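A.B. asks: So Swiss-Prot lists the following for this protein:
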BINDING   Gly165, Arg166, Ser167, Ser190  NADP(+) binding site
Amino acid sequence: MTATLIDGNALSKTLRAQAAERAAALAARGHRPGLAVILVGDNPASEVYVRNKIKACEDNGFFSLKDRYPATLSEPELLARIDELNRDPKIHGILVQLPLPAHIDSHKVIEAIAPEKDVDGFHVANAGALLTGKPLFRPCTPYGVMKMFEAYKIPLQGANAVVIGRSNIVGKPMALLLLEAGATVTICHSKTCELAAHTRAADIVVAAVGKRNVLTADMVKPGATVIDVGMNRNDEGKLCGDVDFAGVSQVAGHITPVPGGVGPMTITMLLVNTIEAAERAAAAA
């Protein structure tokens, strides 16, 4: 068996075109969607992520604002800038690129963002609302994975799903979205005993731990859907995920590649969340 490839690039292109149409409709009414991205320090990976987010905005008719600060920026200065953006009617979404320098409390920074502009979905108000099934925003990466399941008609109701990873950014919200969709969900992590015993029984496996080859072919049920959220580098310096793609793709029914899988969807869902924020603001105006 050779798995069907879940093409994040192609799906992302379709969804971005839809987002661009919605953005144009809002702009015609005087409510062009606006996203502010804040980068503190000079982390090379963060610089790439921010550049890609700004480009996605520009390519799809969004207003974008990039604030770049040195790593010496103080926490009070950052909080003051977020307060300004919270009050700026041109800005509908605020994103602070993580990680932040060690002297800045990322939790305090995230909580400073107005919940209605928290397009990452990390604010405690949105995280709590996700638990009730009625969030303002779904975190972008898990939201993108759910769109992949929808596009490729992967049945979730009654499915056994394993999420490897328990981060607030991917693992926990991914489990909640799968649960809401009717799956029976198991969360595995670094302390899990017999990881393979869980994954072999799963119809769906989402790997999100940032560790190469955490999932190999012998750990996968034939025909299962495997979603690789990991972003790592192999010994040659090439981008790879958490899944042994060469082996698992011969066993799984569906699989996402790295690159070209979940990555493009994360930025796309950031656009979707920003559109939704702008539409709410326009409706309230």
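Every residue, even glycine, has its Cβ placed from backbone N, Cα and C.
What does the local environment look like for each feature on the list?
C.D. replies: Applying an 8 A CB threshold to same-chain residues 6+ apart, the list for Ser190 (NADP(+) binding site) reads Val209.
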A.B. asks: Which residues in the same chain, at least 6 apart in sequence, have a Cβ under 8 Å from the Cβ of Gly165 (NADP(+) binding site)?
C.D. replies: Gly171, Met174, Ile187, Cys188, His189, Val206, Ala207, Ala208, Val209, Gly210, Val229
A.B. asks: For Gly165 (NADP(+) binding site), just give me the three-state DSSP call.
C.D. replies: coil
A.B. asks: Measure from the Cβ of Ser167 (NADP(+) binding site) and count the other Cβ atoms within 10 Å, all protein chains considered.
C.D. replies: 16
